[in-house]
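Per TrEMBL, the features are as follows:
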| type | residues | note |
| --- | --- | --- |
| TRANSMEM | B:23-45 | transmembrane segment |
| TRANSMEM | B:57-79 | transmembrane segment |
| TRANSMEM | B:100-117 | transmembrane segment |
| TRANSMEM | B:129-147 | transmembrane segment |
| TRANSMEM | B:159-182 | transmembrane segment |
| TRANSMEM | B:188-210 | transmembrane segment |
| TRANSMEM | B:222-239 | transmembrane segment |
| TRANSMEM | B:245-270 | transmembrane segment |
| TRANSMEM | B:277-299 | transmembrane segment |
| TRANSMEM | B:334-353 | transmembrane segment |
| TRANSMEM | B:437-463 | transmembrane segment |
| TRANSMEM | B:483-506 | transmembrane segment |
Amino acid sequence: MTVTDAPPAAAAVGGTVLEASGVTMRFGGLLAVNNVNLTVREGEIVGLIGPNGAGKTTFFNCLTGLYKPTSGQVRFAGVPRKAPKPPKRKRVKKAPSAAAVDAVTVAVQVPSLPKLSPLPPKPRAVVRAGMARTFQNIRLFANMTALENVMVGRYSRTSAGAITSVLRGPKFRREEAATRARAQELLDFVGLGKSTEHLARNMPYGDQRRLEIARALATDPKLILLDEPTAGMNPQETKQAMDLIFKIRDLGLSVVVIEHDMRFIFTLCDRVLCLVRGETLVEGTPGEVQSDPRVIEAYIGSGEDDDEDDDGPQDVVEEAKP
Amino acid sequence: MTDVQTETPAAPEVAVAPKANPVAWPLGLAGVVLVIVGSFLSWSYDGTILNDLSIDFFPGGLQILAIVIAVLSLVLLLAAKGPLAALGSWLDATLGLRTFGTGLVLYMALVLVAISVESEGLINVNPGGYVTLVGALLIAVSGWLLPLRQLRNMKAAKLPGWVDILAIAVLMGSLLFLAAYALGLEDAWSFILCLVFIATAATGLFRTGAMSWVAQAGQRNRKVLTLASFAVAFLFPFTQDGSDANMSIATSVLVFAATAMGLNIVVGLAGLLDLGYIAFLGSGAYVAATLSQSAFATIGWKPPFLVVVLVGALVAMLLGLVIGSPTLRVSGDYLAIVTLGFGEIFRFAMFNLDGNNGPNLTNGPNGIPGIPDLELFGFNFGAVHHPFGIELGRFSNYYFLLLILTGGVILVFSRLNNSRIGRGWVAIREDEKAAEAMGVNVFGLKLLAFAVGAFLAGLAGTIKAHQDGAVSPDQYIFLESAFLLAAIVLGGMGTIAGVLLGATILKLLPEKLRFFSEYRLLLFGITLVLMMRFRPEGLVASRRRQLEFHEDDEHLAEVVENELVEEAK
Ligand SMILES: Nc1ncnc2c1ncn2[C@@H]1O[C@H](COP(=O)(O)OP(=O)(O)OP(=O)(O)O)[C@@H](O)[C@H]1O
Ligand SMILES: [Mg+2]
């Protein structure tokens, strides 16, 4: 992988990748997400903040097809659901992800972005379409090795069926080797290249988070959703995570990230959306959001259900100011 | 090699010889001598029991087994102190001696019980028996007096490649010999004693660490191990002198093992509980029966057997898909209940499709008898053949065919397991939601496991019909499904060796120990409960299953991880 250390701010923003309009999710009497709009463009890092229970994770679940929103629509411009011609599919498979980088940097190629279309109905189809995620409470395959975890992520981009697997022809072996190589490459990319054979459950917390990101990247996404990727990390690990997210963005991916760590969000994101009690409170650039008095107020106001170990409300916002 | 570096910290400890009780070693040696001498003397006054242990200086089979243990103990003694000391730094002689000694005491005690039960009282025990018992006690005592020592890591032992191969060959050879010997034993006491011997020898080899080294050797030479196993299985009929008695047991073990291995894909790999699996075997068998040349066959079409095999397997698979597609979307408990119901429905359907209610397909409770023997490429499976001048009867013919089938099922099992599909199954077992969210086709993979399992069972069924010569509904009762499942749980879910072992135990013991058949359900039940409590991963543990069953065992996770890292090198 050719990853150049591009300056964080210089993001090449392209066409619209994701467009959620009026997303509403109701659990019985509880309105967890209420009429939220979100647009994510190519190569953009969008932050999602809000006090505990604001509905951030629920909104993510709506975006990835895990929940079917009560109302509203999510449209996504990923990989076309069905490749029109077989040769094209082959090319997609063989082309290394470096091609994705070019797609971003070469402005002419931006129109090649497919049209927005409604989200496919199943989470699996959403992954195929090019959206991947991590979980707030890490959900790795605990008894598999790091490498195997990432290899599972390749599932939707490989095709060996039962008969191929039993016969073990050259095609099977080639695909298996490619899967392994790609998984190793991704582990190197997130900085776990030395932990290939380690069991996921034995890995330190920070490594598990990074492994989850590698697994999500293995699905060749256009858009990656990270649910609190630095929760429980120490400052140094948080810094590494930030660099990693920039690196991912520089591959040409769009990123949506939920975080409680305000400094992290305001340094990282091009745009920030603040949810409170399921509704959009503010949306704008980090500068706009952190200076908005309503955000500070929201964090103070929802004090009763704030976790103790969360960063305190207003001083964090204050601190994050340049 | 590079391992020397990791070795150095342990090396000084090896050099420090722990303080030994001065009498322990001579005691052990005396024990070995007594066992050997005692075994050359007569054990029993009565020559008609236990295959004749009554003649001095002409040891019977059971006496030779005792001598074998004594010789193994001698090797360990010499490894603890003496000419084989080099071996002693790798092998845990002390633990091995304790096992051999204790096992041999148990063995001899059982011999004495057997003699007194079979021929009226302890009075019939000759001095040789007591001498051997004392010898056994001495070995055990010496084992318990010898100190435990710090050992070098067996895995670091670097031996030439041919030693690995030789070890595998010796192991497999002894396996073949033991199997032939144990099956040849007519009376139950001898059989039980032989089992005690096998258990003692196997446990002893495990405790010394020799077995884990052999397992490593097997890992290093997997192809050789596989070939050797099949060679042993292939050679087995040639040890039977054309006798069909044991071959009939062996063929039923193979049918059972092949079916259990198919179910192992569903249960062990995909993690789905199927309680009606026997119905798939049954549907294959019924297809073969109705399309056979039998006078009672109900369908006029008589295709060649290769077509029948395909039809039987496909019908079973179709049934699997029909049952699976609505139920695999719901949670595990429903699936168990639905498959249980399906198994019963199948049986009732076969029972009732007799022309009175609906078409006559199965002759109802009478079933379809008189299915002729197979004839493939001019080879008649019913006839006696004489390859290399060795007589092979009808069951041996089927045995070879079933061996090919079992090999095929194992191949499908292991190749699916080590593929994208196998990884998908593991991911589903680990966390179904996360798997789905990572793009794994959860429903599709479950259905696939179900279909492949049903296909293989159907295939086995077509052969079973011809081998049995008849099909009837009462062959396919729920208990059979339960036994298949028990074989998997007992042997070790998701493993090949384990399920083969489980199937062999579950099928072989009731055949050999007739008296025990009344209690067999009780005993299996107790065994399974104990297994669930103490070793849920089964006799042969799959590494992954072991981890799954011991979620909070950090030490185990460390050990497994070290192995993984080691293997990756
Ligand atoms: N499956 C569900 N059924 C019922 N209520 C739910 C469900 N999932 C979430 N909720 C409720 O919806 C609200 C929003 O929860 P959500 O997990 O989305 O919050 P969040 O913003 O991610 O909070 P946190 O910062 O603590 O992760 C909460 O009140 C929660 O209890
Ligand atoms: Mg959340």
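Yeah, the Cβs are placed from backbone N, Cα and C, and that goes for glycine too.
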Paired segments the transmembrane segment (B:188-210) and the transmembrane segment (B:57-79) in contact, 3+ CB pairs under 8 A: yes
Contact ranking winner - B:57-79, B:222-239, B:334-353 against the transmembrane segment (B:159-182), Cβ under 8 Å: B:222-239
Interface present between the transmembrane segment (B:437-463) and the transmembrane segment (B:334-353) (three or more C-beta pairs under 8 A): no
Chain residues outside the transmembrane segment (B:245-270) and at least six past its termini with a C-beta under 8 angstroms from it: 183-184, 236-237, 277-278, 280-281, 393, 395-396, 398-399, 402-403, 405-406, 409-410, 412-413, 416-417, 422, 425-426, 428-429, 445-446, 448-450, 452-453, 456-457, 460, 463-464, 467, 483-485, 487-488, 491, 493-496, 499-500, 502-504, 506-508, 511-512, 542, 545
Beyond the flanks of the transmembrane segment (B:483-506) by at least 6 residues, Cβ under 8 Å: 253, 256-257, 259-261, 263-264, 267-269, 275, 277-278, 410, 413-414, 417, 524, 527-528, 531-532, 537-542, 544-545
Seg_contact(the transmembrane segment (B:277-299), the transmembrane segment (B:222-239)) with at least 3 CB pairs under 8 angstroms, min sep 6: no
